[in-house]
Every structure is written in C-alpha cells, then in structure tokens.
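Visitor: Before I ask anything, here is the structure I am working with.
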Amino acid sequence: MSSAEFSMDDFEDTFDSNATISTKDLFEGSDRLPLNQSINTTIQNLYLPNGGFAIGDQSQQQYYQAMPPLNQSDQFNLGRSNNLTPRTNQLQQLQQQQQQQQQPQQQQQQQTYGTQSPIHMSQTPSSPLSSPLPSPTPFSRQQSYNNNNSNNTSSSQNYNNNNININNNNNNNNTNNNNNNNNGNNSNGNNGNNNNNNNNNNNNNTNNNNNNNQQQQQQQQQQQQQQQQQQQQQQQGNPNLSSPQPILDTIYKLLSEQEQTLVQMIHEQSLLLNRLPPTLDENSLAPLKSLSQKQITLSGQMNTEMSALDATKKGMILEPTDLAKLFALKQDLQIQFKQLSLLHNEIQSILNPQHSAPKPNVALVLKSQPFPVVISKGKQLGENQLVVLVLTGARSNFHINGPVKATMICDSHPTNKNNPTTPLEMDSQPIYPATLTAHFPLKFLAGTRKCSVNLKFGVNIRDLDNVTTTVESDASNPFVVITNECQWEGSAGVLLKKDAFDGQLEITWAQFINTLQRHFLIATKQDPVRPKRPLSSYDLKYIQTHFFGNRSIIHQQDFDKFWVWFGKSMQTLRYQRHISTLWQEGIIYGYMGRQEVNDALQNQDPGTFIIRFSERNPGQFGIAYIGVEMPARIKHYLVQPNDTAAAKKTFPDFLSEHSQFVNLLQWTKDTNGAPRFLKLHKDTALGSFAPKRTAPVPVGGYEPLNS
C-alpha cells in the first residue's frame with residue numbers, strides 16, 4: 001500500500017502541510033509588512049542601514065533613538081573581525097533586559113521556596129552543540145565597558161584603602177607628638193615644631209576626609225541616576241521586555257548573514273587549501289590561522305544566539321507562531337554550527353595534524369523532522385517530513401558508498417537487536433546529488449511499548465585511500481509508536497515529560513507551557529504556525545492554579561499528577577469524533593471551574609448551557625444548564641460513555657436530541673484576546689455536524705413527504 005492510500009488522521013494530515021515551511025517563510029511569509037516593521041526596528045536599534053525595510057512604529061523608534069550610538073569601529077562584516085557583531089551585542093542586551101524582567105519572579109520564588117531554592121535556572125546549561133571548537137572569549141563592547149567599570153571600582157577601593165592608611169599614619173604621628181609633649185620636651189623650638197606638625201597633619205586629615213566625602217557623594221549620585229533610569233524604563237513600558245520579537249528577528253537576521261558568511265568561508269578555504277605548497281611554512285599557514293580565528297569568533301556568536309533562544313524558551317511564554325519561529329531558528333542554527341565545525345576541523349587537520357581525527361570530514365544532519373510525536377503503527381511519513389542533509393568541508397576528498405540507512409534506537413541501542421521484526425520500512429534511501437539530501441517516507445511496522453525512541457542515520461564514506469568509514473547523525477527528537485489508540489494517553493505523557501524536562505528534575509513554568517502548547521497543537525491536529533484555538537492564557541492560568549498551586553517551578557512529580565487528569569482530556573480531544581473540531585469552534589468551552597460556570601449562567605434563560613471538561617471525572621464532559629423548573633436553577637449533567645456509545649451517534653447528536661439544551665454559550669474572544677461568550681441556538685452552532693441526508697428518489701409515481 002502506498003503512502004497516498006493512507007488517511008493521515010494521526011498527525012500527518014495537519015503536520016505534513018507545514019513540514020516544508022522554511023524559516024524564511026515563517027518570518028517573511030505572504031504578509032511581509034509586520035515582519036519588516038519588526039526587523040526594521042531591530043536594525044534601527046542596532047544603528048545599521050535598514051536596506052529598504054518598512055518603517056517601524058513610533059513608540060519603538062522613540063525607544064531606539066534614546067539609546068547611545070555604537071562606535072563605528074564596532075561595525076564589521078561577519079567572519080572578518082575578531083569581535084562580535086553589534087547585533088550580537090544587542091542580543092546580549094536584550095537577554096539582560098529579560099533577566100531584569102524575571103528578577104521579581106525570582107524574588108517571588110525565593111519567598112516561596114526560601115533561600116535554598118530547589119532549582120537554579122541560571123546554572124542550567126543551554127542545549128549543547130557538539131562542537132570541537134574551543135569556547136571563545138566574548139569581545140562585546142558592553143562587556144569591555146563592564147570590565148572597565150570593574151577596574152575603576154578596584155582603583156577606587158585601592159584609593160580608599162590608601163586614604164585609610166594615610167589617616168592612620170597621621171593619627172599615629174599625632175599620638176607620638178602628643179606623647180613627646182607629655183614627656184617633657186618643653187623647648188620652644190620643639191614645641192613649635194610639634195605644633196606645626198600637628199597642624200599639617202590635621203590639614204592632611206581634613207583634605208583626606210573631604211576627598212572621601214566627595215567620592216561618596218559621587219557614588220551616591222551615580223546610584224541615584226541609575227535608579228532613576230531604571231524607573232523611567234519601567235514607566236515607559238519597553239516593548240522589548242515583554243515580547244520575543246526583537247530577539248527572534250535579530251537572530252533571523254544574523255542567520256541570514258551567517259549563511260552568506262559560511263558560503264564565503266567555504267570558497268575562501270577551498271582556495272587556500274588548493275594553493276598550499278608541498279612544504280608548509282609560517283607564511284603559508286598564516287591565512288589558515290586567520291581564517292581559523294574567524295571561525296572561532298563566529299562559533300562564539302552562534303553560541304550566544306543559541307543561549308538567547310534557550311533563555312527565551314525558558315523565561316517567556318510564547319505564542320504558537322513565535323514557538324514555531326524559535327524551533328525553526330534553532331534547527332537552522334544547529335545546521336550552521338555543524339557546517340562551521342566541519343570547516344574548522346578541516347583547517348585544524350593541517351595546523352594540528354597530530355590532534356586531528358583520521359575520519360572523513362562529513363556529517364549527516366536532520367534538515368526537517370516531524371518529531372516529537374506519537375505515531376500509530378502502520379502509518380507512513382510524508383515525502384518531505386523527514387529529510388537528511390549531507391554536509392562536507394571545503395574539499396570533497398571522499399566517495400559515498402551506498403544509500404543512507406535509518407535505525408531506530410532506544411537508550412542508544414538499536415530496537416531490533418533482539419527483535420526479529422523489522423520496525424521500519426523505507427528505511428534506506430539514496431542521496432540526491434543536486435541537493436545532497438535523502439528523503440525518508442518511513443513506515444512504522446512495530447510499536448515501541450510506550451517507550452520513547454529516536455532515529456539515527458548512517459552512511460558509508462570511502463576516502464581516497466579506499467578506507468571505508470561509517471558516518472552517523474545525531475539522534476532525532478524522540479517519538480513513540482503505538483499499536484492501539486488506548487495507548488496514546490500514556491505514550492503522549494511519556495513523550496511530553498521527556499521533551500519538557502529533558503533529564504532535569506525541575507523546570508520553569510514558561511518552559512513547561514511552551515512544550516505543552518506544542519504537543520497540544522499536534523494532538524488536536526491544528527496548524528502549529530497559525531492554530532485556530534491553542535491553549536489561551538486563561539486556559540494556562542486554570543492549569544497553573546488547579547494543578548501546580550500557581551508555582552513558577554514545575555517538578556516531575558507535579559507533572560505526573562497533572563497528566564492523570566489532563567492526559568485523558570487530550571485523549572478525548574484527539575480520538576472522539578468531532579471533539580477536536582468542537583473545541584476549535586468554541587462549542588466546547590473546555591477548562592472552567594464550576595463556580596465560573598455558575599457565574600456565567602446567572603440571569604440566563606432556561607435551556608442555556610455550557611460544555612466543559614469535568615474536574616472530578618477526567619476525560620468526560622460536564623454540561624451546565626438552566627433548568628425549566630420554577631424557580632429556575634443551574635443543573636450539571638455528566639455525559640456518560642453510553643450517551644454516545646452507538647456506532648453512528650456522536651456528541652453533537654446527543655446535544656441535538658435533548659430538549660433541555662437550547663441555547664449554547666460558545667467560547668470566543670474579543671479584540672484584546674480575552675474570552676467571552678456568544679449565545680447561539682444549538683441548531684445554528686451544531687448545523688455543520690448534522691448528518692447529511694439525501695432525499696429519496698420518487699419511485700412509481702409516488703411523491704416524497706415535504707418537511
């Protein structure tokens with residue numbers, strides 16, 4: 001059976017359409033104006049030419065104009081200086097602004113957990129890029145300024161210490177002089193000398209005290225000015241503190257420049273390597289050393305960008321579109337880092353041949369992947385969902401033997417080691433010479449028993465000495481293959497927990513929610529870039545209040561208790577017929593407490609109802625409605641499994657059949673994004689879910705009944 005014959009109702013039906021969306025499409029799609037405004041304001045902030053982008057809004061321009069201009073010497077082309085770019089400096093400033101914004105949250109955490117906080121996110125390393133490059137020393141202008149301030153502070157401290165020593169010496173002199181006077185040195189000459197010495201010492205003390213007072217006053221004035229500046233920034237409501245757009249757009253611009261820089265590096269490095277003389281000397285190695293230093297500097301810039309992306313994910317709750325942008329940037333950045341590492345390894349094999357590995361300078365990277373996701377046994381990926389890219393250095397002194405092979409691994413071991421059943425089909429694919437890519441429309445033939453697994457890809461490379469070496473890729477994102485839909489809840493929980501915590505015992509609330517939102521959109525089969533109804537800020541507040549005690553730090557044990565309830569609601573949203581669509585249309589209000597329901601139904605007509613998830617019965621719906629009895633009161637009905645147990649009876653059918661339910665309070669949102677109710681008759685709200693019946697064809701002269 002071909003892939004086209006499968007109904008991709010698990011995740012492929014929605015996810016495949018977005019699998020080939022590039023980072024450029026995400027940032028510069030059909031609607032270019034909003035992006036151009038954002039990029040333009042970022043460029044203005046960095047005082048670089050905008051290249052014809054649209055003008056940003058007035059409030060952002062005013063903020064950027066208030067910033068001090070950069071020195072002309074700080075601006076240069078990537079790969080042609082030992083300093084970081086002004087945009088990287090600005091990236092560090094944006095990170096510092098985010099940290100300042102998160103300080104009140106950290107203070108609240110200290111009040112909650114005490115000084116012995118169970119987690120210190122500032123010490124958590126960012127996602128590592130397996131790079132052989134040494135850690136570069138940052139050369140940002142801002143850090144140099146901070147270093148100068150540190151030196152000035154040290155000098156001030158030394159100066160104060162000197163003053164203290166001088167005062168002590170003078171006091172000792174005064175004491176000695178007084179002792180001399182008491183010991184009977186009564187000659188007029190001696191007395192005059194002593195008096196003069198005392199006067200001089202007193203004058204010195206006065207001068208020193210005046211200097212100390214002036215320094216203290218200057219320090220106090222500087223502190224007051226800094227406090228006033230911070231208060232002004234808080235009053236102005238700087239948009240950079242609450243929006244990820246400046247960081248995301250800046251990194252996107254950097255990625256575009258880095259792509260051009262890498263192409264130039266490959267060309268330059270190829271020329272240098274091809275022109276090397278047989279006997280190497282200092283003059284022939286100097287250009288390679290210079291290029292190697294540029295690569296180290298560029299790797300430092302990439303590390304800064306990766307740290308900024310990780311900090312954004314951990315410190316700020318992102319909208320779905322921004323989440324998609326962040327992961328696309330991270331994917332492209334990892335590929336660029338791998339390419340840079342290959343170029344650097346190639347130079348190091350000449351500069352330091354004794355320390356270089358004798359393997360081909362080739363790498364396999366995942367250009368696109370649909371994971372993390374739960375996949376049903378027998379499903380097949382789309383043609384462009386899983387693509388492997390071959391990267392090389394500046395010289396292609398090797399031959400590729402055979403196709404690229406995919407292997408499923410669990411805990412770093414192949415899953416089919418002791419299993420005779422082959423878990424994958426279409427697991428061997430050729431490399432397209434024009435693009436150096438291999439496309440894997442994998443078909444999954446066996447379940448993974450609720451265990452998360454990964455994919456690795458390998459290819460045989462033969463060098464010029466006819467030595468064959470296997471080159472392997474890094475592991476893919478995790479996924480789980482299930483054999484029955486009843487396994488989905490447990491498998492999705494395993495996958496979400498692994499993806500969110502990544503081996504850590506505790507994570508920030510923002511990091512947890514960003515991961516949950518991503519998995520929720522996949523589970524409800526929504527467009528991950530522009531979903532119709534993701535989890536709103538009010539849904540997230542409900543979750544944080546009811547399951548995590550409004551804490552800003554989430555522990556794995558907290559997650560286990562949360563998933564017992566939330567996982568069942570996700571299972572219902574995913575597999576029960578029409579439920580995902582009912583959620584997206586707002587017919588199911590979703591996550592709402594009983595008291596909130598009672599407040600919403602106050603003063604409503606009899607028959608008005610709201611649909612929500614039951615708080616005490618996970619995965620089931622509760623319907624709150626106004627009864628027809630007098631006096632009217634709010635009733636609550638728990639939808640039973642047998643209410644929709646018939647083969648063709650759906651939840652909309654159940655609502656249509658019961659006269660107690662007349663007018664639906666449908667979830668919608670106002671212009672500010674706040675939820676509100678829209679009152680509709682149930683026939684209007686559920687009309688699209690009614691079964692389509694065709695009129696019978698008249699037979700033998702009989703006429704059909706008219707309704």
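Backbone N, Cα and C atoms are what each Cβ position is placed from, and that goes for glycine too.
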Visitor: Looking at 353-397, 443-487, 488-532, 533-577, which stretch does Swiss-Prot describe as DNA-binding region?
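Guide: Going through 353-397, 443-487, 488-532, 533-577 one by one, Swiss-Prot gives DNA-binding region for 443-487.
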Visitor: Annotation phosphotyrosine in Swiss-Prot: match it to one of Tyr47, Tyr591, Tyr702, please.
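Guide: Comparing Tyr47, Tyr591, Tyr702 with the record, Swiss-Prot tags Tyr702 as phosphotyrosine.
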Visitor: Starting from each candidate's C-beta and looking 10 angstroms out, tell me which of the recorded positions Gln380, Arg577, Tyr702 has the most other C-beta atoms.
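Guide: Of the recorded positions Gln380, Arg577, Tyr702, the highest Cβ count within 10 Å belongs to Gln380.
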Visitor: If one measures from the C-alpha of Tyr702 (phosphotyrosine) to the C-alpha of Arg577 (site 'Interaction with DNA'), what distance in angstrom results, rounded to a whole number?
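Guide: The Cα atom of Tyr702 (phosphotyrosine) is 37 Å away from the Cα atom of Arg577 (site 'Interaction with DNA').
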Visitor: Distance between Arg577 (site 'Interaction with DNA') and Gln380 (site 'Interaction with DNA') at the Cα atoms, whole Å?
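Guide: On Cα coordinates alone, these residues lie 22 Å apart.
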